[in-house]
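K.L.:
Here you go, one structure.
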């Protein structure tokens, strides 16, 4: 792996480098919040500035006032806002959420309004009105009304079903229960009835119904543990803590009911990590921050009871604000189809105008002089031509296929059910089937260019597993299954397979091994909780929890801790150690240490951390350096996360001297963290290495294989995550987005490249405005495997999204001159152009890389990256995630996919498709997506063809009827052609057709490229269909016309009347278009064959019925072709004519298909030809196991600590420890006596 790092030019010479570990500013951050103050300033100036800033912030931002237990307060006039003219409504949203579109009253008018916004539906409504005008119509009104009602009805039913599902989901959430104070006591209420200002009570495992201020809880100092899987997909616990004053006074129900505090805070916004406000209570003001707020969607964990004050409800909550706008998504084919319909409109108008002009000329030359054609109306030829223009608009209306849209909806609905029913996308452990949550985007799944994926919970399981370790230079790896039955505390979940290591631990002959696991049980900030007689660990990061659990299984069990002691069971012997100091982790230190006093009085420091920082602090003569480093290389090559363990003995004198510095740094008023880090550095020197651990950040099953398959389908995968750069890079190697051959570029590398390109473009623009040379130059030489890893801070810097501090200078406001205004506008315009060009350059550069990983990005930045690729690459995008922080990205992409079956369901609720595992994405795209695209393209090409072939017969007939807008067919045939006679075969092809099987689709991902390049349906294909339809209509009209020109039947009667001609042409057309569908069918089933021959039989059956004398007697005006079909179709001559017409239509197509497949076969044709061979191979083929990259790697997969500091501050201050030390009986049971003895001995 080649890592290219340099810290050359950035955009602002005077600006500091972006911090890779820092999540950039939030979406709604104000300018003042971004102000960077100098590192050193006079103390009094600092105090004055903070006071002034606080006042300014309160004046500007804290407009949101919440009064506890006082609903009337929020209904005051100053809190009302105007809606719908004079109607006023409180600015405080209710807690009910609404995602549905209709209610029983608005469904019909709104749905009809939406449907008639479609150009085709509105066109047919106008056409229906025109058909009621006798002067211009030559077609009965029902020929348009029946198909139109069918289209509107089917679409309305589909919309109704979708909306009912949304109603059910909303009701399920809104009707959840929670305890709310009413009339001075807690009563059970529904979520939808909660209002801002209510005081609520939540129990363990309850979801938080709104954004609430934590008032108190059953934990010490009113701590509250929450799980944020709904927000970010992470299952590790985070803690919140209330104000001391509310913790002391608001524990009882009576006190909570009497609470009348006033909260002044910021307006609702989407900043998940920030909150600014003040609680005013009993004449005093208390500052509030994000650590005291529980957000909607969080889940209460390991906290029996907590109480809170509702600050934001419903649509005002941060999770709802982060969900972004719901965008109406349309497929690329939809847009293309609409443009083609507009093209047909134009063709229709031109053809109708041409025929109307022909009728005007015919009237002038022939019609006026033919007395037998006089109709009693003295219209001028030009007026008759004008009326015939509208007549032809009606006659040729089937060029714009009314049933096209409803047929498309039926096909999409069927494809959605196939996705829902696919058992190969069902995830049994979570009982989660795949779900198509929309029915309008299926074929778009076959055209994806870019996939944007979250990491945690999407690519990974967010589960850490202890896999291997190296102790004293010896590596312990998988051999045979291990037996932990000797350990009463083993959780039964560890799958470590080296019994040799366990035997060594039991024997105790190698003290370094026991010391290794003792360190894991001691050096951490994990908290323990006992519930139902089981030990449950609460860790600030999953990695730390995995290590403590591993130590537990190997016999070193962390049992309990107090403010300054920790109790551990060492191979059944319980001991308590004094904890003298906890040197906590942060992102710069990349390590943590614990200083303890042993029962014998000795002081020892235990340390664990990333190998890069530990090796710098080891004793120079440490004997384990080389062997452990070789083990680290092996672990890294297997994409395991590594961690080094070490210790150091400290004398009493050394500790006392260091402790004085430590205490002084702990109470420093300024730069406390930096002072503590400096003191930590002094003691963490000359360490002795014990060994290294290897943890697997478990990927979901099949992730590397899925990414490999999708890459072969020319789909690029970008990972967008809020995780640290090291963690994201490690996962990139694990899932094989990155390899040792990959050249990795970072933010500092591409910053210089982009700045140089932008300057060159400016220079070229200045010197030669017409020169575009260089704009399309590549950033990198062709070939090679490249990847880009960029953090959110660098992303803002590069994309010029970084907010600038406004200079606050005292200026006299003079009216600006017009010249100054123009200069300012020109400056803004240049800045916008530079920003747009820079963003375009970034997208071009990123797209030259094989993979892109964006880390430490906010939800808004995720959506921004997706939008940039959509905007500048015009590519089809797919976003996949599982948390609320992915919702904005999911809604921005053309297609959004949610991972369901996890704790968080926000992403699923906002997605278009959902399933249980990332690996199902390859089947969704390569099978369902590709099939849907092929089917839809084939359907559209055939649909346009059959309608042109049907409609243009009227055009040719016009040359023989004086351009009089007379139809070439019977009215009922025109009505039923698209509804019954030709609809079923094409619908079944759109639903069932497949060029190759699902297994071959996955085996040959390159088949997917057809959809990405739009090769199966485009304007070229459209005009080919138009040409094919024109040729077919010519044959359908002129062969019967030539056959009827001078003909006599067997009975001596001439069958060459208009009605017999209409039946012959219609019969030829029905047989030709249905057989043409048979030629286009790749996957034959009984249903397809039945539909083709059944449609032909249905046509003849209905035609004979409609031409019978019985129905003519009942409805003489509606059925005028009495006896035509029986009389005409008994003539062999007419059957020969029909056969000749069909043969001439189809034989050239058969010949062309044969030549194409023989001389220019597609990849699909080749696979079809060899499908039997591939099937035989599949039966003997066995999937090869995934092969890890062996040998020395150029990188180390770093241990991932928590994103924030751990629980060390809480432990050291005692705030996390219960006031009365809990009895260990519940934890230890019969071992209580041993604990007592250990405490006495210590």
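Backbone N, Cα and C atoms are what each Cβ position is placed from, and that goes for glycine too.
Just so you know, TrEMBL annotations are computer predictions that nobody has curated.
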K.L.:
Identify the transmembrane segment range according to TrEMBL, selecting from 291-314, 315-338, 339-362, 363-386.
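P.N.:
The range carrying the transmembrane segment annotation in TrEMBL is 339-362.
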K.L.:
Among 895-916, 917-938, 939-960, where does TrEMBL put the label transmembrane segment?
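P.N.:
The listed stretch tagged transmembrane segment in TrEMBL is 939-960.
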K.L.:
Among the residue ranges 821-844, 1109-1132, 1133-1156, 1157-1180, I'd like the one that TrEMBL describes as transmembrane segment.
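P.N.:
Result: 1133-1156 is the stretch TrEMBL calls transmembrane segment.
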K.L.:
When you get a sec, could you say which of 122-141, 142-161, 162-181 is annotated transmembrane segment by TrEMBL?
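P.N.:
Checking TrEMBL against the ranges 122-141, 142-161, 162-181, the transmembrane segment one is 142-161.
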K.L.:
Under TrEMBL, the annotation transmembrane segment belongs to which of these stretches: 249-268, 269-288, 389-408?
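P.N.:
So the range that TrEMBL calls transmembrane segment is 389-408.
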K.L.:
Take the C-beta pairs under 8 A between the transmembrane segment (1022-1043) and each of 142-161, 1058-1075, 1082-1102. Which stretch has the highest count?
P.N.:
1058-1075
K.L.:
Which one of the binding-site residues (454, 882, 886) has its C-beta surrounded by the most other C-beta atoms within 10 angstroms?
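P.N.:
Neighbour-count leader: 886.
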K.L.:
State the residues, same chain only, that lie 6 or more residues beyond the ends of the transmembrane segment (939-960) and have a CB under 8 A from a CB inside it; answer 'none' if no residue qualifies.
P.N.:
333, 337, 340, 351, 355, 358, 392, 395-396, 398-399, 401, 404, 407-408, 411, 966-969, 977-978, 982, 986-987, 989-990, 1016-1017, 1021-1022, 1024-1026, 1028-1030, 1032-1034, 1036-1038, 1041, 1065, 1069, 1072-1073, 1076-1077, 1080
K.L.:
Using a Cβ-Cβ cut-off of under 8 Å, list the residues of the same chain that are 6+ residues beyond the ends of the coiled coil (818-848) and lie near it.
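P.N.:
Result: 716, 718, 750, 753-754, 757-758, 761-762, 778-780, 786, 788, 798-800, 868-869, 872-873.
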K.L.:
Could you check which of the binding-site residues 585, 641, 722 is the closest Cα neighbour of residue 454 (Mg(2+) binding site)?
P.N.:
722
K.L.:
What is the nearest of the binding-site residues 585, 722, 856 to residue 882 (Mg(2+) binding site), using the Cα of each?
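P.N.:
That would be 722, nearest by Cα distance.
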K.L.:
Taking each of 641, 722, 856 in turn, which of these binding-site residues have a Cα lying within 10 angstroms of the Cα of residue 456 (Mg(2+) binding site)?
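P.N.:
For residue 456 (Mg(2+) binding site), the binding-site residues whose Cα atoms are within 10 Å come to 722.
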K.L.:
Do you know offhand how many angstrom separate residue 641 (ATP binding site) and residue 886 (Mg(2+) binding site) by C-alpha?
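P.N.:
Answer for this pair: 26 Å between alpha carbons.
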K.L.:
Across the coiled coil (818-848), what is the average pLDDT of the model, as a whole number?
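P.N.:
Value for the coiled coil (818-848), mean pLDDT as a whole number: 86.
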K.L.:
So what's near the transmembrane segment (389-408) in sequence-distant terms, Cβ-Cβ under 8 Å and 6+ beyond its ends?
P.N.:
118, 120-121, 123-124, 127, 130-131, 133, 136-139, 144, 147-148, 150-151, 154-155, 337, 341, 344-345, 347-349, 351-353, 355-356, 936, 939-940, 943-944, 947-948, 950-952, 954-955, 958, 965, 967, 974, 977-979, 983, 986-987, 990
